[in-house]
Each structure stands twice: as C-alpha cells, then as structure tokens.
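According to Swiss-Prot, the protein has these features:
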{"type": "BINDING", "residues": "HIS8, HIS10, GLU74, ASP193", "note": "Zn(2+) 1 binding site"}
{"type": "BINDING", "residues": "HIS16, HIS41, HIS195", "note": "Zn(2+) 2 binding site"}
{"type": "BINDING", "residues": "GLU74, HIS101, HIS131", "note": "Zn(2+) 3 binding site"}
Amino acid sequence: MRIQVDTHTHTYASGHAYSTIIENAFAASKLGLPMFCTTDHASSMPGAPHYWFFNNQRVLPRFIHNVAIVRGCEANICNDGEIDIPLSVDSHLDWVIASFHEPVFPSKDSLVHTQALIKVIRSNRVDALGHLGNPNFDFDFEAVIACAAEYNVAIELNNTSLKGETRIGSIDRCYEIAKVAKKLGAYVTTGSDAHFCEDIGKFSKVEQLIDDIDFPLDKVITHTPKQFLDFLALRGRAPIEEFKKLMV
C-alpha cells in the first residue's frame, strides 16, 4: 500500500528541526506526496514557538508547490492530561497531535500515563496521539486504544520510531499497538515525524507494519487525501474550501 498523507512533520520553528515549510513542500512535491500536516512543537518543548505562531498559520497558502498544507500542531501532554496550547488556538488549527515528551512530562508509571492519555482523548481537543511506542511512557494499550476508538482519535504509527534509532525499544511496541488498534477498530494515522525535509513522506517502516499485520486500509486515514479529509469531518472539523477538489 502507499500512504498519501504525512500527518506529522516539523520545520525549523520547532527549535531542533532544520527545514522551512517551503522546503518541506518541495520535498513532498518531488516525492509525489499530495498532502502533509505541518505540526511544529507547542511552546512547552524547549526551543518551540509561542502560541501566536499557530494562530498565525492562517497566512499560509493552502497549497505550496502544489502540495496541500494542513495547519497543525504537535501539542505536549502535560500535568494530568492537558495540552499546552490555549483554547483560543484550537479554531486556527485543522489537526492536533498530542504526544508525551520527556522534557515536558517526566516518565512516571503506566497508570499515570494511561490516565493522562484517556483524559486528553476525552477533552476532544486532539485528533491523534503521537508516537505511543515510546517505552518510557508505558500505558494500558487496551484501555487507551478502546477510548480512542470510541472518541474517533487516531493512533499514530510513527516511521521515526520504527527505524529504531530514537525512542529505543519502540519497534515491538508499535507492532503491538497496531494489532490492538486493528482488534478494537481504531483509526490509525501515519507520521514521518520528519525534522528534515528529505524525510517528509518517507514511510517504508510504517508501510511494512501495515502490510505485515494486514491492517484494514479503511481505518488508515492517510491512505488517500479523501480518507484524511473524511476523518477530519468525522472529528467535527469544518470543511476546507480549498481542498474540495481532493474529495474524489
């Protein structure tokens, strides 16, 4: 199968990434990727931008180098299951990932992580949970993924985690998480987690996982731009006028 949407990418605005959004779009165009979400880190992450950065994404063109640009954010899970963007930001974004990051949420125990994930799902402020395979943030797979399925929050399959070079120990956990998502009928999304433009849309490890466990493509929201936009509608997001031509 071929993934056509990358829902987790970074620009240099994240503080530890190295490309502009124009460079990311050019790389996506060269690859033939029709759509990606730009999801820089929210402000609690060291080096990340002020929340005004996300409010002002309205100035971004909807297409750059003929690639559809979805305005997003990778928010940090903090406290007992909050996210670190003000409520006023929500209306400016098309897509929000919530993720654990050690500098913001020190690793605790499975129960604490599970409770935080369930709370953030139930807040209805996030569309996906990012890189859940990280062994530093163990959680009850069944409880969290069942809750995500109930609330139509996507579970991210993260290509960077599956490479095994960061968040060491994630690979087997990613496979197990995907199997539980398949069993419980949860939606999954796919993110390169690119911090450099040449990694945009690179999904060899994720595509292998999907093929290996025969994950149903109707639950892979990034299989086509239309499936992704249909998922946004399911989540209650307003239609994006400029993307109507992609709904075929």
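Placed from the backbone N, Cα and C atoms, the Cβ positions cover glycine too.
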Per residue, counting other C-beta atoms within 10 angstroms of the C-beta, which of the binding-site residues HIS131, HIS195 reaches the highest number?
HIS131
In whole Å, how far is ASP193 (Zn(2+) 1 binding site) from HIS16 (Zn(2+) 2 binding site) when you measure between their Cα atoms?
12
If one measures from the C-alpha of GLU74 (Zn(2+) 1 binding site) to the C-alpha of HIS101 (Zn(2+) 3 binding site), what distance in angstrom results, rounded to a whole number?
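One finds 10 Å between the Cα atoms of these residues.
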In the structure shown, which of the binding-site residues HIS8, HIS16, HIS41 has the fewest Cβ neighbours within 10 Å?
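Selected from the binding-site residues HIS8, HIS16, HIS41 on minimum Cβ neighbours within 10 Å: HIS16.
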So which binding-site residues are near HIS41 (Zn(2+) 2 binding site), with CA atoms within 10 Å, out of HIS10, HIS131, ASP193?
HIS10
How big is the gap, in Å, between the Cα of HIS101 (Zn(2+) 3 binding site) and that of HIS195 (Zn(2+) 2 binding site), rounded to a whole number?
15
